[in-house]
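J.: Quick one: structure below, then a few questions.
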Amino acid sequence: MPRTTPAPGHPARGARTALRTTRRRAATLVVGATVVLPAQAATTLKEAADGAGRDFGFALDPNRLSEAQYKAIADSEFNLVVAENAMKWDATEPSQNSFSFGAGDRVASYAADTGKELYGHTLVWHSQLPDWAKNLNGSAFESAMVNHVTKVADHFEGKVASWDVVNEAFADGDGPPQDSAFQQKLGNGYIETAFRAARAADPTAKLCINDYNVEGINAKSNSLYDLVKDFKARGVPLDCVGFQSHLIVGQVPGDFRQNLQRFADLGVDVRITELDIRMRTPSDATKLATQAADYKKVVQACMQVTRCQGVTVWGITDKYSWVPDVFPGEGAALVWDASYAKKPAYAAVMEAFGASPTPTPTTPTPTPTTPTPTPTSGPAGCQVLWGVNQWNTGFTANVTVKNTSSAPVDGWTLTFSFPSGQQVTQAWSSTVTQSGSAVTVRNAPWNGSIPAGGTAQFGFNGSHTGTNAAPTAFSLNGTPCTVG
């Protein structure tokens, strides 16, 4: 519950608000006084972000701070930190009304000790929900949710500047509500209930809703947009929207900035909250260059929207990235590689913030004794980029077809076969038919023309039985495509 006086170790609410806005006010005032250091003087991404008046954050596992290279980068390159797992429900309330804040407090202490803004993640999420909570129903479940939100937000009051109050409320495809325990037991109203409880517990923290696959303008982001618009119209306390941005190399939505702007126009802040850009491994110079360009696009999209607060990457090093465990054969998604070497994305982010990186001598990576595998080959004409988000026995595929020939394609059919018995259950921006493992995808009425060098995109939901290997061969209008 709200306190009338701050508890020991908590600054007064007004003091916390002033501290939270210091960086952006300082950036504005210093520029106004014309004494700001030139952008070229930035030697770290933190300095570049500070100079741009934006956050640049990372997801922290406090157990890794004992690793010298990890801590050195964490200390110097970021001005915001978010707990990767330490503030989620299973970590903070493993049994009913028995709270455990040890790991979360370590993250909060680290933020305070290093002068970083602390971002809270997450109060209500259907994943990592303890079994005891899943077994509750009706009013008991709602009371447990409100109690959890209240106790956790109250504990970190004065330390957390912003909270992901509700995470991943919408499903993929047409953007219906996520079929979660919260939705099943409490219906649509649970989101509003959670936000009102969070505001009551901490009246000055910014309250955010956070989701994935909403970076472009699509059915899912439209559902999120409609909810935010409704909340703002009715005075529900929602201050910001987080765009997770777990992206795939070469597939940054072209309307990312426009999407951020339309949410900002509703009167909320926006931020990029969990950025990583994965590729098929092993990496190579071409993939890393494309990844760098993609990181730059994402940061530039934020920089072009006044109410975009900043960018957070979901980890520091590829060594500890979540990606390979969830997407076998993919990875290399972060700004530092598994040996803590800066990748080309580092300089790209620096430039997007408006600074120029300071060159640092590097030792060339030894040439591997085993040649890098060559991507699946085919005649110059088409390329397919295959991206998947998967869970238990389901998945969502997002597919980009690129016309690499010198002539336009007018009407297209893409064919491939599933290697592991997968089944398509729902498709969009296309017409999909399946016979056994063979899948045929035909264009929708609006995306049948692909100019030379242009792309068409479609997606579908599917089911699998535990193995979800990606197709290895595609043909467009009978011509084999490369896979990249």
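Glycine is treated like the rest: Cβ placed from N, Cα and C.
Features from Swiss-Prot:
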- 42-352: domain 'GH10' (DOMAIN)
- GLU168: active site, proton donor (ACT_SITE)
- 358-376: compositional bias 'Pro residues' (COMPBIAS)
- 375-484: domain 'CBM2' (DOMAIN)
J.: Can you tell me how many other Cβ atoms are located within 10 Å of the Cβ belonging to GLU168 (active site, proton donor)?
T.: 20
J.: Tell me, by DSSP, whether GLU168 (active site, proton donor) is helix, strand or coil?
T.: coil
J.: In this predicted model, what is the average pLDDT of the domain 'GH10' (42-352)?
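T.: Mean model confidence (pLDDT) across the domain 'GH10' (42-352) is 97.
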